[in-house]
Amino acid sequence: MKDLHNREIKSLRISITPQCNLNCFYCHKEGHNIDNNKLMTPTEIGEMVKYSLKYGINKIKISGGEPLLRNDLPEIIRNIKNLKNNQIKDISLTTNGILLEKYAQKLKDAGLDRVNVSLDTLDPELYKKITGGNVELVKRGIEKAVEAGLKPIKINFVVMSNTVGGLNDIMDYCRKMGVILQIIEFMPVDEKLKKYHYDINKIEEEISKKSDKTMVRKFMQNRKKYLVDGLEIEFVRPMDNTEFCSHCTRIRLTYDGLLKPCLLRDDNLVDVLTPLRNGEDINKCFIKCIDRRELYFKE
């Protein structure tokens, strides 16, 4: 199905919990304050995905909070994988990696295809300062994900004024591990954080000079990919980027069952969990969400 601006809807991003085991100072805390009565069950998540298939969804991204805090995550993945008439080509997970060592093989066995791991620095002290966590746990989790056969594995590196100095180390690490590096523009959630913003155009300019090959991901906001000495690098720009909006093919579902037409807005959400629990037809909820998508983000 296409929205009113002729963009096909291909991807559903599901936040399954707002809880997290880290405390990153820049986090936008996707989702809402937790209410266990509203938390979607594995069965309900499966039902949501089943309905979404009618509208062309063929990719599922599971996120949080930290999704690995839900012990029933393998069940959630199996429920999605085992849907009848399943056209899902890709089930992926975004995680901070702290618990990945424990769950990587279980997730692969349940049907997970690939994983994105957040890693802003390899420096133990800086990592602890940014997140409050232990970077060695993340590295062990990435190793287990590689061993389990989850692929491609992508490392989400958020560029900030205090992390950009470690870019070369991150590149070397990703090359050694055989994983993809995503260089992500930092989105300040308030005025106090603007000092951490770093212009990634400078980085891309340098990377492009070293690149052996350049590609464009047409259905992912026309993102450019570079191949540098065997390392694949992508740039992700959510800020002031018309391509990010005009090529957006994704809708989002919060942990408490609200459909989000836009990543950056919370004023046009559609409640889909209440109608589902009341035994109502939720097709109209998906249609309403898709119809509320605008061509560009407006504040």
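The backbone N, Cα and C atoms fix where each Cβ goes, and this holds for glycine too.
For the GTP site that Swiss-Prot gives as Arg13, Lys61, Lys154, Arg250, Ile251, Arg252, the extra residue drawn from Thr94, Thr131, Thr274 is Thr94. Using a 10 angstroms CA-CA radius around Arg250 (GTP binding site), none of the binding-site residues in Cys20, Cys24, Cys27, Gly65 qualify. The least crowded of the binding-site residues Cys27, Cys245, Cys262, judged by other CB atoms within 10 A of its own CB, is Cys27.
Checking Cα-Cα distances from Ile251 (GTP binding site) against the binding-site residues (Cys20, Tyr26, Cys27, Gly65, Cys245, Cys262) with a 10 Å cut-off leaves Cys262, in sequence order.
When Cβ atoms from all protein chains are considered, those within 10 Å of Lys154 (GTP binding site) total 20, not counting its own. For Gly65 (S-adenosyl-L-methionine binding site), the number of other Cβ atoms no farther than 10 Å from its own Cβ, over all displayed protein chains, is 22.
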